Amino acid sequence: MIHEGVVPDVVTHNYLINGFCKVGMLDKAELLVREMCYSGPPPNCATYNTLMKGYCASDDIDKALDLLSTMTNGKVKPNIVTFNILVHALCKKGLSEEARVLLSKLTDENSQRSLIASTILMDNSFKNGDTSLALTLWGEICERSKEVDVVAYNVLINGFCLSGDVIVAYKYVSEMFKIGLLPDNITYNTLMSGLVKSRRIDEACYLYTVMSRMDVGPDRISYKILIGGLCMIGGVVAAHELLICMLKNYMVPAPITWNIIIDGYGKHGEKQKALHIRDQMMAYGVSPNVFTYNALIHMYINCGEVAEAHSLMKEMLLAGPLPDTVTYNLLVGAESEYGHLFSAHQVYDDMLKRGYDPDVVTYTELIKGYCLRGKVKEAERFFTFDMLQNSNLVIDHVPFQVLIKQYFKASDFNSAYGVYQKWLRMDQAE
């Protein structure tokens, strides 16, 4: 473009800078920004924010702060995104006080920007577990600002929900009503999410009805939270009813929501209903992903239909989506559990052939398979020469315990002690 005398606009430059930053090529991103300063088009706030985010992602906050100086010297005003990037990076490194000082320099104490900046800092303080600083900031916001907005309250409510203090979060929702601020979708969704995480599903469902009565229409996030919560406690039928409600309201959920219900029916052995949801999902133009297939494969395995599970795996390999390590682990585990060691190794070999890295679950399932067939020595050989030789593998206590338990069952205490010694050596090496 440049050779032909066409200078790309600032948006095109920003896309390129973003691409370089995402792949860690910050030197090229820097060069492009310098070229923009000298030759045009002049960099805008989005340009600097993109490079700043790149620096913060590579843990170079000093360069990010230097870039802020360059930005302000070049008469480009920082915006809310700039605040968020820098505050998040500083708080992540435990530099909350530095973040406060920075924001006080960048904002006018009596301006709306001050409220926004303080809200951003409060949000990051909550996310980094510094509730004390977050509440100090809230006190300052209330003293300084004539009008605290819904966004600030939402951040406060989310902070308490993150720490599991849903009752305190409720208190601030009541306060919103008292001062004439009406909660929005985000407020209700935040509270429902907090309740679901506390397994208070009935209260979350009640809040959903309150939301509707207050003319705040539930959105896709509201339904996803409730559907996930209901399936968590086995209420897949009620979750399915919410899905029907979504579809009646012309809301087509993302794959994750369909998958939750498919998995819920699968865990209850309701094969036909799980498959019906999968078919309905496709009818609405939502393509099943690897999690959909894994849920169905898990369902077939639980029902003892391992051949059907293999058929689904073949379907994935032929038409997509491609399987992941979890898919292979499910099949390795199923074949091992039924004592079909040859088939389990076939799946394992196929996994290696296709370039997948086995994880600790893969190896543990195979070790369990050997032990079920009474082949404890073979299990230990596989453990020693395959699993322990994999330098990229993070090994937990489970395979050691499986082998030790089997040796104890066989009254082979010397071999059990030998495995225990390997365990100790591995711990010491770490």
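Note: Cβ is positioned from N, Cα and C throughout, glycine not excepted.
Automatic, uncurated: that is what TrEMBL annotation is.
Now, the feature entries from TrEMBL:
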type   : residues : note
REPEAT : 9-43     : repeat 'PPR'
REPEAT : 44-78    : repeat 'PPR'
REPEAT : 79-113   : repeat 'PPR'
REPEAT : 149-183  : repeat 'PPR'
REPEAT : 184-218  : repeat 'PPR'
REPEAT : 254-288  : repeat 'PPR'
REPEAT : 289-323  : repeat 'PPR'
REPEAT : 324-358  : repeat 'PPR'
REPEAT : 359-394  : repeat 'PPR'
Give, as a single whole number between 0 and 100, the mean pLDDT over the repeat 'PPR' (79-113).
75
Are there residues at least 6 beyond the ends of the repeat 'PPR' (324-358) whose Cβ is under 8 Å from a Cβ of it, and what are they?
290, 293-294, 297-298, 301, 306, 309-310, 313, 316, 365-366, 368-370, 372-373, 375, 390, 392-393
Using Cβ atoms and a strict cutoff of less than 8 Å, what residues sit near the repeat 'PPR' (289-323) while being 6 or more residues removed from its termini?
255-256, 258-259, 262-263, 265-267, 269, 271, 274-275, 278, 281, 330-331, 333-335, 338, 356
How about long-range neighbours of the repeat 'PPR' (149-183): same chain, 6 or more residues beyond its ends, C-beta under 8 Å?
115, 118-119, 122-123, 125-127, 129, 131, 134, 138, 141, 190-191, 193-195, 197-198, 200, 214, 216
Contact set, same chain, for the repeat 'PPR' (9-43): CB under 8 Å, 6 or more residues outside the stretch:
50-51, 53-55, 57-58, 60, 74, 76
